[in-house]
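Below is one structure; the comments refer to it alone.
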Amino acid sequence: MARQFFVGGNFKMNGTRESVSKIVDGLNKAELPSNVEVVIAPPAPYIALAVNENKQKTIEVSAQNCFDKASGAYTGEISPEQIKDLGATWTLTGHSERRTIIKESDDFIASKTKFALDQGLSVILCIGETLEERKANVTLDVCARQLDAVARVVSDWSKIVVAYEPVWAIGTGLAATPEDAQETHKAIREHLSKSIGADAAEKTRILYGGSVNGKNAPEFKDKADVDGFLVGGASLKPEFVDIIKSRL
């Protein structure tokens, strides 16, 4: 089946009011394809700015993280309700930097994913293996474990987009070959068909998220199970538009 092409832009902990406004303005001025879904994730202080200044109907705004409680004594956290109150409609969960630096567990990420969905947000669920895990040839075991944690608590995956990000390729300039990505994405979809059902797995978009840029994005064009990209550093640059247009 044809799944709508999806491009996510994760700004990470980068930007100021001025630079985020400039990025959004650049997207507003671009002629973007109407059949590509785009989601940008600025730092939390600039979510409302991005929402208010975005003029593109095909672009929505996401948080980079959320908590699994509605409110309370959770210093520094942000709830789905607060994210929605700022006008955003998405959140990321499970980004490798949260897993490796902040030490978030599979179960905690699953809990956050479920709570975000229950509160009406859509979710970009990030999964992927480290370089050590790749060398140990356990890529699919790791991805399956991370997905299964969510599948145990979430039955409806219609508002989840999965992003496969090989941790060894993030911010390193190293990228999996399109063939590598397709092979892994196909295996992820096959695993999902067992855990959430064949129909849901077929409909779930799986993004590639490892050092994607304007130059290498078109190389993934004919890969059947690569349904888009989760872009990091390149989303801060004009080439983000080239990535959005890479399926034209």
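For all residues, glycine too, the Cβ spot is worked out from N, Cα and C.
For Asn10, Lys12, the entry in Swiss-Prot reads substrate binding site, with the evidence type similarity to another entry. Sequence annotations record features per position, and here Swiss-Prot assigns active site, electrophile to His95 based on similarity to another entry. The annotation active site, proton acceptor is assigned in Swiss-Prot to Glu165.
Locations of recorded Swiss-Prot features on the structure.
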| residue | record | Cβ contacts under 8 Å, 6 or more apart |
| --- | --- | --- |
| Asn10 | substrate binding site | Ala41, Gln64, Leu92, His95, Leu230, Val231, Gly232, Ser235 |
| Lys12 | substrate binding site | Pro43, Gln64, Glu97, Gly232, Gly233 |
| Glu165 | active site, proton acceptor | His95, Ser96, Cys126, Ile127, Gly128, Tyr208, Gly209, Gly210, Leu230 |
